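Structure first, commentary second.
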C-alpha cells in the first residue's frame, strides 16, 4: 500500500512541478502571444489523469493479462516432484527476500524464460517456461527464480508503471501543444481545431512516444541489473552467472513471449547501438560482466 501511496504522491508532485515551471518560464504568455489560447494547467491535469490511468489499469490487471497472454498454468496442488520442488524453492526464496509467497506457474514455451508481475510485492506472480524447467539444472533454475523474486522484492512493476505514467503524461501534453501551435500559428486556423491539429498531434505523439520508450527502457535495463544483484544474493553469484550464460547459449531460439511481457522476462537484450536503446534488457554479456565485477 505504501508503494501505491508513493505512486499517487509522485504523480501529483510531477504535475505540480511541471505546472509551476511552465508558469515561471512564461510559457502561457508565449502561447497566448502566438494565438494559441490554452489553459496549460488544465491540459496538464487532463493528460496526467489519462496518462496515469492507463499505466495504473495495466498494473492492476498485470497478473490476469500475463496468465491469459502466456497460457500460464498456476500450480495450486503440485502433481509432480518438479512442481513440488518449484513451489518449495519459490517459497524459500520469498521468505529470504521478505515478501509473501507469490503465485507460481508454468507457461508452455520451448524457449528458456521466466517472468514476474503483479501490482504489489505481496500479491505477485512468478512463472517459468516449460523449456527452462526441462533444460536448466536445478541451480540455474533457482538462480532464475531468485532474479524474478528480486524484481518482486524491489517493487519493479510499480516503478515501471510510475515511469510509464509520467512519460505518457508528457507525450500527450506536448503533442497537443504542438498540434495547437501548428494549427493556430502555422496554418492560421481560427475556427476550432482543424485537420492540421489532429495530424500534427498524431505525428508528435508517434515521435515523442519513441523518445519516451527510450526513457522507459533505460529504467527497465537498470532494474534488470538490480534484479541480477538480488538473484546473486539469494542464489549465489556463480549460480546467477551460470544461468545467464546458459540463457546466452539459447538466445538463437525463437521467443514466443508476448511483447507486453518481454520487459518482465529474464531473457532479452540482443541488440546494441541505437536499437539497444529500445531494448528492455541489457545484453546478457553486459549483465554477466556486471556480476563478475561485483564479485
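Note: Cβ is positioned from N, Cα and C throughout, glycine not excepted.
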Co-listed Zn(2+)-binding residue [Swiss-Prot; alongside 147, 151] among 83, 91, 224: 224
Matching range for Swiss-Prot feature annotation, transmembrane segment, among 95-115, 116-136, 158-178: 158-178
Cα-Cα distance linking residue 148 (active site) and residue 224 (Zn(2+) binding site), given in Å to the nearest integer: 10
Environment of 147, 151, 224, the listed Zn(2+) site - residues of the same chain whose CB lies within 8 A of the CB centroid: 116, 148, 150, 156, 223, 226, 227, 228, 230, 231, 266
Neighbouring C-beta atoms (10 Å sphere around the C-beta of residue 147 (Zn(2+) binding site)): 28
Residue 151 (Zn(2+) binding site) - helix vs strand vs coil (DSSP): helix
